[in-house]
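A.B. asks: Sharing the feature lines straight out of TrEMBL:
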type: ACT_SITE; residues: E230; note: active site, charge relay system
type: ACT_SITE; residues: D234; note: active site, charge relay system
type: ACT_SITE; residues: S468; note: active site, charge relay system
type: BINDING; residues: D511, I512, G530, D532; note: Ca(2+) binding site
type: DOMAIN; residues: 153-552; note: domain 'Peptidase S53'
Amino acid sequence: MRRAPPTTVLPLRIGLIQPNIRDLEKHLLDISHPDSANYGQHWSAAKIAHVFRPSKDSADTVRHWLSSEGIDAARIALSKTGSWLEVNVSVAEAEALLKTEYSLYEHEGTGTQHLACGPAYHLPEHVSEHVELVVPTLHFDGILQELSQCDQFITPDCLRVLYDFAYSPVAAKKNSFGIVEYTPQSYLAPDLDLFFHNFSKSQVGQRPELISIDGGVVQTEEQSFDFNGESSLDLQYGMSLIGPKQQVTLYQVGDLVEGASFNNLLDALDGSFCTFEGGDDPLEDGKEDCGIVKPANVISTSYGFNEADLTPAYTARQCAEYGKLGLMGVTVLYSSGDEGVAGHSELCLNPDGTQSTSGKIFNPTFPGGCPFVTSVGATQVNPGAKVTDPESACMQVIFSGGGFSNHFAIPDYQKSAVNGYLTKFPPPYSHDIFNASGLSRAFPDISANGANYVIAVDGDFSLVFGTSASTPVTGAILTAINDARLALGKRAIGFINPTIYSDRFRNAFNDITSGTNPGCGTQGFSATSGWDPVTGLGTPNFAKLLVEWLLLP
């Protein structure tokens, strides 16, 4: 760590208070709960921007403050939706405005540098009541097998049997399924064809529809598992399970120079989030990707952070954007993590809030802990078991991420299930090990198989493990349900959490009752009957889910 040079220019972004954001959950439940008269009545992007637009008074107050501090009014811009005030400032100006100090932090392992201030920043009282967040500040902006061998080699056919998933799309032109990748991670066309040749011959030569966001490029210069493994897994299974009729969209985010973040994706999907600082200067290239993409009906992302990497204000702001996508009728899926109750990179929390591999406090992940996304955990076919036998929580190579958020309150749709778990199966840990209050968002919501996936990568076959596998598989299954509804003139299923936690869907999942998710020097939580913080509600039974969703308006 070292002090940031005072002349370095920062794209300072001031997130204004959104006066109606407290009603977001109410609005989302109103269109997402199966018993609501407004079920499926999704909002337009224009309506979302209007309802959540900050007041003119907030914008004027912050403008006047900036001007009084010597910032020329011509340098200050209001975002299109009125949610952010933007001004490019030097480090010296930012430090004077925020009464703080900026430093450059370098990751010991990768050498990646991040700019942040600390330990706090300060706003005048009359200004702070109008401001939700200022960035950048405290957050840091990483072979054909038979069904008898599904315990050793998972293939698309294994998954079809596991989840009773037999479906051929009939309304593909009305439907959409998006998979998100971040440069330099990319797929190789020969790998797709190698996989399709073995597991879905009709798709040889088929490619995802590329939508480039913030300079996103499918690079081919770097070819190794580290650069191609994730994209290969996501696309090979997402495409083969729903193809060849359904075109899959690839949201490739970030260029080869600066990369990108979740914020750049949100810029492109939802214009109301534009100009959020995401590593690039939005006034240069990110600005051109403001609201350029109509979101797919289902969006699957296999990447994530630890909550502790980010401030509560930052995660709350981003989580609200996922809620807005839900209002638009989008199903947002995120993997829950592969380290059990630990965070990514096996990091756990210390009593002082820092993270280390020697920590003992459970470390929840993000965005999987956001109440407006559907968090997907992982299961496995047990060694020696048949594909038709009950699965268990994944305990080979990876452990299903799960636990209780330290940032988000428990949503209404989940209260009964989570309280039932804590009452019937209280975890054997003290309250200083995890958030045992019963008042916090719990995850994952659902799961799918995440062990022993056969993928083609760099011209050969490999086995991979993770919630990175279970998430696009779940996305493909939900895309098929959307297809069936759209074919009948109904709407896409949108934000699914209130629906899947409802009583009518109780028997539409395969309950997982064995296995744990170790981490932080413990055995983690245990899978039990009903919802649990290892596999959620269980794995999807497509045939049962289809019936229930087709009965809804």
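For all residues, glycine too, the Cβ spot is worked out from N, Cα and C.
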A.B. asks: Cβ within 8 Å of the Ca(2+) site's Cβ centroid: which residues qualify beyond D511, I512, G530, D532?
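C.D. replies: Apart from D511, I512, G530, D532, the close residues are T513, A527, T528, S529, W531, T535, G536, L537, G538.
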A.B. asks: Counting Cβ atoms within 10 Å of each candidate's own Cβ, which of the recorded positions E230, D234, D511, D532 comes out highest?
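C.D. replies: Ranked by Cβ atoms within 10 Å, first place goes to D532.
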A.B. asks: Pick the one among the recorded positions S468, G530 whose Cβ has the fewest other Cβ atoms within 10 Å in this structure.
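C.D. replies: Candidates: the recorded positions S468, G530. Fewest Cβ atoms within 10 Å: G530.
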A.B. asks: Please list residues from the chain of I512 (Ca(2+) binding site) whose Cβ is under 8 angstroms from its Cβ, counting only those at least six apart in sequence.
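C.D. replies: Correct list: T379, P390, E391, S392, A393, S447, A527, D532, V534, T535, G538, T539.
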A.B. asks: Give the three-state DSSP assignment (helix, strand or coil) for G530 (Ca(2+) binding site).
C.D. replies: coil
A.B. asks: Run through S468, D511, G530 for me and report the recorded positions whose CA is within 10 Å of the CA of D234 (active site, charge relay system), in sequence order.
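C.D. replies: Candidates kept after distance check: S468.
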A.B. asks: Could you state the whole-number distance in Å separating the C-alpha atoms of D511 (Ca(2+) binding site) and E230 (active site, charge relay system)?
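C.D. replies: Cα to Cα, D511 (Ca(2+) binding site) and E230 (active site, charge relay system) are separated by 28 Å.
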A.B. asks: What does the structure give for the C-alpha distance between S468 (active site, charge relay system) and G530 (Ca(2+) binding site)? Integer Å is fine.
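C.D. replies: One finds 24 Å between the Cα atoms of these residues.
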A.B. asks: Reported as an integer number of Å, what is the Cα distance between E230 (active site, charge relay system) and G530 (Ca(2+) binding site)?
C.D. replies: 31
A.B. asks: Across the domain 'Peptidase S53' (153-552), what does the mean pLDDT come to, as a whole number?
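C.D. replies: Across the residues of the domain 'Peptidase S53' (153-552) the model's pLDDT averages 91 on the 0 to 100 scale.
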